[in-house]
Amino acid sequence: MVKDPTMTQIQACAITGVIIAVSATCFRLYLRARRRNLWWDDAWAFMSMVAIIIMFTGMLIFTSPPDAHPRATKIAGYYMVDNGFYGCIWCARISILLTVIRMAFGRFRQILKGVVVAILITWSVLFAQVFWTCETEAKWKNEPNPQCMLGKEVAIAQLITDCICDLILIACPTYLLSSMKNRRGLKIRLIAIFSSTIFTTIFSLVHSYMILKGLGLMEFMFAVVEVRFFLYTSRFCVLILHPRIQDVVSLLVVNLTVIATWFFQLKDDGESEETGPSAFANTFLKGRLSGGRNTQAMRGGTTTIGLATFGGITRVEVNTERVVDKGDGNIAVLSSGDDTEANRNSSVEKLGY
């Protein structure tokens, strides 16, 4: 028989995990802000961090002594935990998918945007399901530590949505990875997404099993740990030994690609311009086409860039003597005849990374 964890164990694990999760998210946002590379995936990672803070606050209320708070506050604390869990998990998944979107172009990029909308709808349904399940069976509210037994319907819904979403998060980077050759920086990011999503799937299945079997506080513990892992996979070997698994898995993965990029860029700085990541203009490069850049600095040589397309990355050589950054996200190419701006501007989109 599985022994339930004590309230003290739940609180200790929550405090440790939230500190790790929030620290990793703040570090990720610092790295992106320092390079002026903030984008929508960072915004959703931030919202995931807010959700785990809400969950942590609700957990402190939930695990407090029965007479420490009014009953209504304890019930609100449980709802904060349950929906904070969903908020952290699904915001993290959206952030991961947006990270893949930053590397995708063309039709594949548009398909992924549609997937983001579908995930938002799924999250809304699961969010509402908690309320209509718990409010129809209100007896749990009279317990000293009120906890709603979500039942098989919620477990099945979570199991199906977790499997489908995680399958998408595995398939998307795998597809992009298969189309890339000799792109070390991008491959590192894609492999990080691919491997971390597999761990997420494993612990999501475990959490669904806990709900299905009605294991009470053990289900609660697994929910806490899954969210935390989405932030920092390097602590996985330590956190997997702790019973609160599922919360860790979700939140640490969000920042894995950014932190891995920062780590491996320490070596990239020593590589030549031809072979290093800075030689390719894509959504994850150290350089950036900025409106505030001095256009004169762009001139005086030949630069090799990589244009990401639906099928992969196309290598293009550009004579920077005849390139002007217009400051609005477009690049104007000077005509070879009279050094005036050609009527046809390139359709290169300003890339955010």
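Backbone N, Cα and C atoms are what each Cβ position is placed from, and that goes for glycine too.
Automated prediction, rather than curation, is the source of TrEMBL annotations.
Over in TrEMBL, the protein carries these features:
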- 6-31: transmembrane segment (TRANSMEM)
- 28-211: domain 'Rhodopsin' (DOMAIN)
- 43-64: transmembrane segment (TRANSMEM)
- 84-105: transmembrane segment (TRANSMEM)
- 112-132: transmembrane segment (TRANSMEM)
- 155-178: transmembrane segment (TRANSMEM)
- 190-212: transmembrane segment (TRANSMEM)
Highest-contact recorded stretch vs the transmembrane segment (155-178), from 6-31, 43-64, 84-105, 112-132, CB pairs under 8 Å: 84-105
Mind looking up the mean pLDDT for the domain 'Rhodopsin' (28-211) in the predicted model? 82
